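Report on one structure; see the data block that follows.
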Protein chains: 2
Amino acid sequence: MAERRRTGYSIQRKILDEGAVDEMAEKSDSKPSLCEKVKKSMSCSGPRLKNCLLGSVPVISWLPRYSIRDNALGDLISGISVGIMQLPQGMAYALLASVPPVFGLYSSFYPVLIYFIFGTSKHISVGTYAVMSVMIGGVTDRLAPDSNFIIWDNVTNSSIVDAVSRDAERVRVAAAVTFMSGLFQILLGLVQFGFVVTYLSEPLVRGYTTGAAIHVIVSQLKYTFGISPVKYSGPLSLIYTVLEICYLIPQTNIGTLVVSIVAIIGLILAKELNAYLSKKLPVPIPVELLAVIVATVVSWQFNLEGEYGVDVVGIIPSGLQPPVLPAASLFGQVIGDAFALSVVGYGIAISLGRIFALKYGYKVDSNQELIALGLSNSIGGIFQCFAISCSMSRTMVQESTGGKTQVAGALSAIVILFITLWIGTLFEALPKAVLAAIIYVNLHGMMKQFMDISALWRSNKVDMLVWIATFILTLLLNPDMGLAAAIGFSMLTVIFRTQLPTYSLLGQVPDTDVYRPLEDYNQVRQVPGILIFRSSATLYFANAEMYQDALGEKSGIDITKILSAKKKLEAKRKRHEEKNAKKAKKAAKKSAEGEPERAEQKDIAIIEMNAEPDPSLPRAIVLDLSPVNFLDTVGIKTLRSIQRDYGEIGIEVVLAGCQTGVVDNLQTGGFFSDKVTKSCLFSSIHDAVLYCQSGFYLTYGLYFNANTLTD
Amino acid sequence: MAERRRTGYSIQRKILDEGAVDEMAEKSDSKPSLCEKVKKSMSCSGPRLKNCLLGSVPVISWLPRYSIRDNALGDLISGISVGIMQLPQGMAYALLASVPPVFGLYSSFYPVLIYFIFGTSKHISVGTYAVMSVMIGGVTDRLAPDSNFIIWDNVTNSSIVDAVSRDAERVRVAAAVTFMSGLFQILLGLVQFGFVVTYLSEPLVRGYTTGAAIHVIVSQLKYTFGISPVKYSGPLSLIYTVLEICYLIPQTNIGTLVVSIVAIIGLILAKELNAYLSKKLPVPIPVELLAVIVATVVSWQFNLEGEYGVDVVGIIPSGLQPPVLPAASLFGQVIGDAFALSVVGYGIAISLGRIFALKYGYKVDSNQELIALGLSNSIGGIFQCFAISCSMSRTMVQESTGGKTQVAGALSAIVILFITLWIGTLFEALPKAVLAAIIYVNLHGMMKQFMDISALWRSNKVDMLVWIATFILTLLLNPDMGLAAAIGFSMLTVIFRTQLPTYSLLGQVPDTDVYRPLEDYNQVRQVPGILIFRSSATLYFANAEMYQDALGEKSGIDITKILSAKKKLEAKRKRHEEKNAKKAKKAAKKSAEGEPERAEQKDIAIIEMNAEPDPSLPRAIVLDLSPVNFLDTVGIKTLRSIQRDYGEIGIEVVLAGCQTGVVDNLQTGGFFSDKVTKSCLFSSIHDAVLYCQSGFYLTYGLYFNANTLTD
């Protein structure tokens, strides 16, 4: 390594200001006009059209080249494994969405098939997802609450909830919001807005999913304890629900609780066993399927519903249902939720998709993904599915069991179709508590995300703040509003970061052209007579005033005071001159009479002296603008007023290290004038310093000469 | 100038990486601990306490030093002029606020006196302000609409509005919102949040006031035409109101319209005359006062109210009213409006205050201004004033008539007190249409702000967008919500600006250490074998992905393709080796039997060759990070993955131009490891380039040697 450094840094050239660089490097002005750009992007040709078609329906391009020898076996095993997982997860997540379990099966079928045709990720398992389901649940509970479906039961002579019409309404609501979220996704995809996902930074997504997981858990507690709390919606509903559940805990159904505990312990043990045996087994044990089968058999054998009052899944209609157009009348009420669903669903799917794309070296097209998910959701909505995304746990299984292409997903859909058509009805005796247990155990991974906090504390405190704020906002405002608030917050952190910049005076590292902050280094020396000032952030409206204040503070120059003192002095001088003019007249009169007039001359001399520059002030200020990304009108005004104010008290202000874009901003913003030209911009601090120093010698020279002459 | 350039740029030193600079310049680690900082800011001493008191009640510090000789005459003339202006303006703006005119007089008295004691600006004329008044009007109309006060009139046998109790309720609402906005301002001032005003950038304030002016005009049209449209509130209410007025125009009261037209023409002519004579007159003609007096006399003489149905001001109680505690029950309903009022009022006052402070060379303390305005509003609220700020037109008069200190303001308040106590009742016959005319003519200046659009189009398109968006949002969402939306929008522009950076490859200006974008200059040459890449913006979560994509696109290196090709190649090689191992066994057997084995060796050689670096790829990438203001975890991950991915295909990635803060971010973010040390950071691009080049000679040397040896 040390050997590599032998080549030294050696430069001998003129001092270069911006104008000189432009001249030397021949700046080119020609930029393609807007019209040409539009023309270029609109042009249409044969190959272009073909590419467009292949891009929109990726299955056409990859399925014909599908290598059966390489992929078929892996895809088959993986497809069956995932299909088996989709069954219990679909039913469990349907509970989260507050719709009957069979709709979870539909949601694991239609959207998966559509994604197979339009999707570009080969490894993600599209389908029901806990966070999305709980968001749907929020909407269905809000628009079709139990209280809307209370009827008088003539048998028991009490008011009961009409569960059938309530569930029908909830399915309508879920389908409507799903359909709309799909439309949003298609729209965003068509206008190439795939980049919106960049607002979902990693700390935000992890904080958000953790917060949503808490919502999921709380919404399932009622099934675990067998109680029926009142549903709350709106901000803080999580807290109200928890309080309500605590209040109802004494009414716990013991049978349900026992089923829950057994199911949870069984699932955890089986998962541990799975992890332990993972290397020895070709395919993981379908733990959840086993749990569902065992629980169904036990429940049916011991008649848990009749004997112990354990809540079970109930009627599962076999067969598929005909498509129904979503209820347009509901669209207005669910527009916000639909948008949140579309962003969350896309955000989760694309981030998982990218992980695997990176691992296996292919590309997912973010805009095509949006369209694929949008079609899955909107067509799914017509078939009464609820909104889907992709699930981490299923995707892991799909990949680890050897799935290599989207064919695995399609096969899993066929498994689900088979179950729905013929054996779904067998699960009618399955206790809901077991489904809740499956959900808890699946959330295990999300709970681990709490460890992020300590990791982020060490690496980046602002990102930790984003994590925690997102988590808390999601808890308090529910997943829909919480997401919007969290995105707003994470953007504010960007603003705040540029609002609290570090301002520093720079000094020279001896014998080099390297300049570093004076306070950070011991061997850095200030250049005599020159202040070099830098803000760590872009200069724009939100920090322009602070920039000026910080410059005054760091330099110790109270510019307003000096300027007002100067003005007063000038006013005094003027008055004095007027007085003198009068006196001169008198004196002219008197001189005719032969009187001396030395005193007045002395006075004038004193005032002249005062007008000379204060030697304690620097002779020049270099503003290092290299961290500036852009300049707005306020920023340019600030620079101009600094240059004018300090210029008035004889301090030259020059700028260093402007990017090309910033120079353009200065130009269009009217920074330059007859007096201020590009010759006050320098490509490096050292150029600016050398320029200022060369100026001194001249000025100081003249100044000292003048002094020695007058002395 | 040319002479100044004679000193050349000449540097001869080692190539410096970050570690070498740290060593050379002795980086210091000691930073003051948080505890010490808190201690320092909390320490309390005698002089500090005195300063604090003088800072909180500025009148104590400046009034004793008041120079009667210098200031008294100017302040007296200016105070009387402004007082005379406050009368018609106060009454007119009371109409905007939907409260009886006399409350406009109160609002021109109490707050002005309080600002005299606590304010730090010497020239602004605190008092009623059109934008604030129309915001108050929005609140009063919403919380005390006409429809709440309909009673049955036994005389006419029809339902009429009970104007007396309606107006009483409106005054209560206005006082409550004013009191709260004052509290907000005091609170913001105490926590030193004066900087919030920095969010109100100039284009935003000008777009906002223009939008608010349109609201003001529309709200006064009913007085001009003598019609009574239904009041709308909430978003889009402006449009509904305009439609309603268009619908009602056939019902115009001709008498009122004639009065309006005469008043408007008279005022415009008189103002023009004033401007024409401005240099000859010591004090401008009090045009508005004259208009009010003439109109009152005419209205009273010709009984305009009785004969022509012209709406007049009506009963003006003489004397002041006792203080009343604001209605706490209303606070919850007005909290949002109060916050908007506090920010707008402060924003307008501080920006005007700063202009004059700069002109006359003194300082306004932004936090003390907040407290002064807050006290004016909260105490004013107790005396049933409505929220105040400062008016541009009055401030101009105060300054131009020779006002030098806050004493002028205090004198204007005394003039208003005099009017309120004794001669206010004389104005009962004044037509409201004349007050509306005064408002229109005063808004003349704000309408001129439309010219900003073309000026901003030339200087800065983003700022023009902010202006227009603010204007439209203010029109559509009303001044309160519109302000919040506009601030949100202007912050988004900052995000967007960093989201759409310019990515460029840099090249060397021949024979210098200056690097510029290749596409902008003709004489800039790419350094052979080295890619220098720069984004014009900070690298953070919202653009990290684009950064990676842009690097791939600009460099023409499809990293995912190369990596996956490499992986396949390795897999192939492995298989080949296994095969060979088998063959070798066989061969070992066969060689015993004496057979040749040349073919296999050739195969291996081919594969080895392919693994060598592609000569079309660069040997190193320099990422210029000088425009980076900070790095978050996503940014650091991106840099790390670039370094890892390109490193895998044999391209060295080094960073150049990191600020001290960015180096700290890299360190805490875990960018450095055993392999990646500070030696991959360089203080300038040229250092990095020289380092990479020195590396080549070594590597290339070895490489070529190896080649020549094998050939």
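From the backbone N, Cα and C atoms, a Cβ is placed for every residue, glycine too.
As recorded in TrEMBL:
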TRANSMEM  B:93-118  transmembrane segment
TRANSMEM  B:173-200  transmembrane segment
TRANSMEM  B:238-269  transmembrane segment
TRANSMEM  B:281-302  transmembrane segment
TRANSMEM  B:338-358  transmembrane segment
TRANSMEM  B:370-390  transmembrane segment
TRANSMEM  B:410-443  transmembrane segment
TRANSMEM  B:464-496  transmembrane segment
DOMAIN    B:520-692  domain 'STAS'
REGION    B:570-601  region 'Disordered'
COMPBIAS  B:570-589  compositional bias 'Basic residues'
COMPBIAS  B:590-601  compositional bias 'Basic and acidic residues'
Non-local residues, at least 6 beyond the ends, that sit with Cβ under 8 Å of the transmembrane segment (B:338-358): 120-124, 126, 129, 131-132, 135-136, 177-178, 180-185, 188, 194, 196-197, 200, 202, 205, 208-209, 331, 364, 366, 369-370, 373-374, 377, 387-390, 392, 395, 399, 479-481, 483-484
Non-local residues, at least 6 beyond the ends, that sit with Cβ under 8 Å of the transmembrane segment (B:281-302): 77, 81, 84-85, 87-89, 91, 259, 263, 266-267, 270-271, 273-274, 310, 312, 397, 400-401, 426-427, 429-431, 434, 437-438
Integer average pLDDT (0 to 100) for the domain 'STAS' (B:520-692): 81
Stretch of maximal Cβ-Cβ contact with the transmembrane segment (B:238-269) [cut-off: under 8 Å; candidates B:93-118, B:173-200, B:370-390, B:410-443]: B:410-443
Cβ-based contact of the transmembrane segment (B:410-443) with the transmembrane segment (B:173-200), 3 or more pairs under 8 Å: no
Three-state composition of the compositional bias 'Basic residues' (B:570-589), taking helix and strand from DSSP: 20 helix, 0 strand, 0 coil
Same-chain residues at least 6 beyond the ends of the transmembrane segment (B:93-118) whose Cβ lies under 8 Å from its Cβ atoms: 56-59, 86-87, 126-130, 133-134, 136-137, 140-141, 167, 170-171, 174, 216, 219-220, 223, 313-317, 320-321, 368, 371-373, 375-377, 379-380, 383-386, 388, 406-407, 409-410, 412-413, 416-417, 419-420, 424, 427, 432, 435-436, 439
